[in-house]
Amino acid sequence: MSAVKTARRAQAAPHTAARLAWRGWSVLWSPRAVLASAAVVLVALGFALVQLGVGDYPMSPGEVLATLTGNRGEAQEFVIFDLRLPRLLTAGLVGLALGASGAIFQSVTRNPLGSPEIMGFTMGASAGAVAMVLVFGGQEGSGMAGALIGGFATAATVYGLANRRGIQGFRLILVGVAATALLDSLISYLLLRARLQDAESAYTWLVGSLNGADWQQVQIIGLTVIVMIVPVLAIGNQMRLLEMGDDLAQGLGVRVKPTRLRLLLIGTVLCAGAVATAGPIAFVALAAPQIMRRLTGGSVSIVPAALMGALILIVSDLAAQRVWPDSQMPVGIPTLCIGGTYLAWLLYQQSRASRL
Amino acid sequence: MSTRTLPAPVVARAGHRRLTLGLGVAAVILLLLMAASLSLGAENVPFADVWQSLTAGGTDADVIVRGVRLPRTILAVLVGAALATAGALMQALSRNPLAEPGLLGVNAGAALGVVIAMAHLGVASLTGYVWFALIGAGIATVAVYTLGSAGTAGASPARLALAGAAITAALTGVISAIVLLSSTVFNGFRAWSVGTLSGRTAPVVIQVAPFIVVGIVLTLFLVSSLNALALGEDAAKGLGANVGRTRLLGVVATTLLCGAATAAAGPISFVGLVVPHMVRTFTGPDHRWLLPYCLLAGPILMVAADLAGRLIARPGELPTALVTAIVGAPVFVYLIRRRRMAGL
Amino acid sequence: MKIENPPAADALPGNRLRAHNLSLRYGERVVAENLSIDIPDGSLTMIVGPNACGKSTLLRALARLLPPERGSVVLDGEDIAKYPSKEVARRLGLLPQTSIAPDGITVADLVARGRFPHQKFLRQWSADDDVAVTNALERTNTGDLATRYVDELSGGQRQRVWLAMALAQETPLLLLDEPTTYLDITHQVEVLDLCAELQESGERTIVVVLHELNLAARYATHLIAMRDGSVVAGGSPKEIVTPELIEKVYQLPCSIIDDPETGTPLVIPAARNRTGARCT
């Protein structure tokens, strides 16, 4: 083999990735992923600008920018800072959390259908919230409390049941599916038993809504995201190695069991923040990593997936507000339509390019 | 898959007897449950009267037994058989233990059909929805299959699953939008989506029965190909199975089975997922045994769940889907924990 | 002619990787009892034995993937269980029998993942990492594949890429579990040539679990034969490979000749119609 030593005196390995270095810092990132991520950020910012400008009090992008930098009157400031900006930020941050959470779960389960939903968190949260709304008549905050209690209780149960000499992605999925199916039936039943009006408002929450999002929501989800940034970045590499099998990862120095538990915990907390803020918005966690993987041509990774999640939610929220301007349509609906259609389109495109 | 080169008894005798016996036991259990289902409920009818009513008629019990409980029991059998068979079929085709009828978008398609019928065409009766649910289920499945199998690579399990998830998501979005725009539609939808056999009468049974029967027959034709396919696509081709045709027919059968079952009873997702897994722990992965067992175990679960739903909350009812889930989930989790899930 | 490996510590001082009185089990099943071995520094050690003799299990224990029930694996004079995971991974690399390539990963990215134990939170990719990856690709002759997707490769190419990943880890000790499975004879020889080359250059100590007895005898500087969870013999192939040993380990009547190429022992199984004949 040595006879065929390549003549290339390579300075850098022939990567599909490039090194970014600054003093003690260095990271390896694929240019294509960086490019795609940057494009996603730009598009998201563009939509954000539009979203800040539209509504009952329309403003031009220039006006929006001027207001943001503090050069406009009180009316504009009220509209932007009190009404539209918190909603926009909530959408973006919820999207970030869901996208990242989805990437983590898909990696841990090595399954493109993996998502925080398999831990049962989302369904547990839904059941908890619906029960609270129907029992306590939808008092302020009771839904959120019910969601968090139900979510964490379910996630802990699923984890406990799936844990048998360590967690195995496969068993986790199966237990999660069982829990999800059970809770789903329960929710349908609760909805049927409730008064029509209560059931409708519970259903709206179930679809996931940003209506009435204010700075309090921004705080909840913002705090979740900020607290999770360092753990997420620190665990990314271990996550990639776990994808290649437990033995190999361990051979490379990853402590398999604690790492996997930590990943599940991070993913669940991110998801919990999103659910507490906006309800169980479906599908973002599933679609964002898959869409991004297909755009960047690599494997599932957290940061790009998070950015794509944010973009999906911002676009969806804009659609929710513009397509049905007077109906308080929950953001979960366009999310499903846009995410589903886009994923379908990507699958179709790739079938033509014949690469999965 | 053939045992032609070996004298068959050498290969199979020991297992055969146990499995045949099990099949007989299952059939007896099902018959007993059906009898109970005819007899018990908000008002109990003695077995003698049930028999009288079924064979001769003209008794006071006719309205309850022949008019209400007979069609409902038959429907439970049909739906249970359809869902369990479809689940086993989907799991074999996609080689994915998560596969269940919902995966191909069947439930979402059927639901959309129902919602459109209610919201835009003013259909309000159960027998009216059924057609729309069937059509919706069919269109959704065809869309998922086309999307999942387009291109040179053919329908890979992962692609099918993703395509199913994508289409289901998009349809669910549309359903939610329609439902939230009108309280009347929401009210009808929540009653349908709970998944129950309550109030299903003879016309509904007659509507969906042909689809389910055809679906089951079609599935039974595929049995040996499914066994081959379980070994992987290449191995299946090597054994002479026609992979593409098996997949296509399998999808057609799934659509007929789940579309009809969902149309009649609403979404009952747990049966299709769990019954094949439960059965597999007893029969092993051979579809020649797996499918007949599913044909009995599905109805057993369904009839029992329907009966329990009627008895637990008397004089009210728990929806069948809730009961199947409450019964199925713990059993499923127990099986997962007790041993390695038998592979596909 | 059972050659017990002498008690490790006194006989071969300074060997970096040793196992003392290991008892290994999977759940209820006992795989090995009181197993002691010593991996001579700078050797190319091959472990052979019939199926299910515990050789892969031993390798897993050496790489601290399987915690022993009793006894210990000693790395550089310390119980391996006491090291932090990354520290072990900088000294000892492992290529398991089966590994999963994530969907849509390129060869270069896969090989780069072998650098994990050398990375820190802030310094995620250094010039050293680049050099290591480039070297690993060159040595395994996979440089041309660098930008290809792993799932597009042939079995032989894939195996070499995994090997490149293990090399990129740049550990002085390298454990390979049947690295030649699925490879044709040319690629088998290539992989083993590479192992020999790495060992001869004095860079590494290499331990290989191998099925192919004759290739093991040809390449090993130190051969360990196992049966039923215990070491039957250990030493240079020329000294230990005898018809008696092979009969004992594999229960295979055979004769041994010199390999015409290398002079190493070559095992010739007895022909079917002469199974009654004793080994010559």
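Including glycine, each Cβ sits where the backbone N, Cα and C put it.
Not measured: the values here are computed from a predicted model.
TrEMBL lists transmembrane segment at one of the ranges B:24-42, B:290-308, namely B:290-308. Here the listed stretches are B:102-123, B:204-227, B:290-308, B:320-337, and the one with the most C-beta pairs under 8 angstroms to the transmembrane segment (B:248-270) is B:204-227.
Only pairs six or more apart in sequence are counted, and the transmembrane segment (B:204-227) with the transmembrane segment (B:73-90) gives three or more Cβ pairs under 8 Å, enough to call it a contact. With a threshold of 8 Å between CB atoms, the same-chain residues lying at least 6 positions outside the transmembrane segment (B:320-337) that come near it are 76, 194-198, 265-271, 273-274, 277-278, 281, 301-302, 304-306, 308-309, 312. By the Cβ criterion (under 8 Å, sequence separation of 6 or more), the transmembrane segment (B:73-90) is in contact with the transmembrane segment (B:290-308), since 3+ such pairs are found. Non-local neighbours of the transmembrane segment (B:290-308) in the same chain are 22-23, 26-27, 29-30, 33-34, 36-37, 40, 72-73, 76-85, 87-88, 197, 216, 219-220, 223, 268, 271, 274-276, 278-280, 282-284, 318, 320, 323-324, 327-328; each lies 6+ residues outside the stretch with a CB under 8 Å from one of its CB atoms. If one looks beyond the transmembrane segment (B:102-123) by at least 6 residues along the same chain, the residues whose Cβ comes under 8 Å of a Cβ in the stretch are 90, 94, 96, 129, 132-141, 143-145, 160-161, 164-165, 167-168, 171-172, 174-175, 178-179, 181-182, 184-185, 188-189, 192-193, 251, 254-255, 258-259, 262-263, 267, 269, 272.
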